[in-house]
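Taken from TrEMBL as is:
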- 62-313: domain 'G-protein coupled receptors family 1 profile' (DOMAIN)
- 44-69: transmembrane segment (TRANSMEM)
- 81-108: transmembrane segment (TRANSMEM)
- 120-141: transmembrane segment (TRANSMEM)
- 223-247: transmembrane segment (TRANSMEM)
- 259-280: transmembrane segment (TRANSMEM)
- 292-313: transmembrane segment (TRANSMEM)
Amino acid sequence: PQLPQLFLIRLVMSSNMSAFGGAYNGTLHPSIFLLLGIPGLEAAHVWLAIPLCFIYVVTVLGNCTIMFVIWVEETLHEPMYLFLCMLAVIDLAGSTSVVPKMLCLFWFGSREIRFEACLTQMFSIHALSIIESAILLAMAFDRYMAICQPLRYAAILTNPAIVKIGCLAVARGAILTAPFPILASRLPYCRTNVVPHTYCEHMGIVRLACAGTVISNMYGLTVALLVVGLDLTFIGVSYAKIIVTVLRLPSREAQAKAFNTCGSHICVIVLAYTPALFSFLTHRFGHNVAPYIHILIGNFYILVPPFCNPIVYGVKTKLIRDKVVGLLLRRKDVS
C-alpha cells in the first residue's frame, strides 16, 4: 500500500537533514533559510555592496531630512506635506527591513536568516509596498481636491481626515499581507532551504515548497492585481480630471503652475510602480529571463524609490528646498 503523502514528505526531509546542515527542526519547514544573493554575480557581491551602502545612507539621510523639516516647520503642516512625511516613513522602514541584511550578505557572507525572521521580512516588504501605494493614491486625491475642488479642499482634507487615511492605509496593508506569511509557514519545504534572492519575498519563498502552492500563488496574484489595478485606476482618473481642469484655466502661467504642483508626485508614481510592475511580470511570466535579472529588478524595486523620492521632492518642491536651505544656513550662523 502507498504511504501517506505527509509521511513521505517527512521521510524525504529526514533523509536530507544532513545535506542541509541540520537546518530542519523536525517540522515541515527549515529553522533557517540561506540567502544566495544574486546568482551568477557572487564574485561581485563585495563591490555591489559599495553602491548599495551609498544608496542606503542617502535614503536614510534624505528621508530623515524630509521628516524633520516637515515636523519642525509649521507652514508645512498641510495635507500634501503630511502625506509626503508618511511616504518618507514608509520608504525608510522598507529600506531598513532589507538593506542591512543585504550588506551583511554581500560583505561578510552572512547568508543565514531564521525562518521566522524571513517571514517577518516578507510581511514587512509587502505590507509597506501596499501602504505606499495607498499613500500615493491619497496624494493623487489631495492634488485633485486642490486643483479641481479648491473651495472644498480645507473642509475635506482636515488633520483628523488625514490621520484616518493613514490608519486605513496601514490597516489595508496589514490585513492584505497577513495571509502571506501564514500560508508560507504552512507549506512543506522538503527540497532545499536556499533562497535564490537577496531578501525574503513571497514568490521566492513559495517556490521552494514541494506541495500546496496553488492557494499562495492565487492569493498573491489576486492581491497584486487588486492593489495595483485599483490604485492605479483611481490615480489615473484623478489625473485625468486634473488635466481637464488645468486645460480650462485661462492663462498659460496658471496652467504651468498647476502642472508644476503635480510634477513631483507624477515622478514618484513612475518610480514606485514601474519597477514594481517589471518585478511582478518577470516573476509571473519571465521564465526565460536570467535569474540575476529577476534579482536585480527586485532590488531596484526595493532600493530606488526610497532613494529617489526625497531627492525628487527636495529638488522640485520649492517650499521644501527653501526650508532645508534655511535650516542649514540657520545652523551655520549659530555655529
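First residue shown is number 1, and so on along the chain.
Glycine is treated like the rest: Cβ placed from N, Cα and C.
Remember, it's a predicted structure, so these values are computed and weren't measured experimentally.
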Averaged pLDDT, computed only over the residues in the domain 'G-protein coupled receptors family 1 profile' (62-313): 89
Long-range neighbours of the transmembrane segment (223-247), counting only residues six or more past its ends (CB under 8 A): 130, 133-134, 136-137, 140-141, 143-144, 147-148, 176-177, 255, 258-259, 262, 266, 269, 273, 276-277, 280
Candidates 81-108, 120-141, 292-313; stretch with most C-beta pairs under 8 Å toward the transmembrane segment (44-69): 81-108
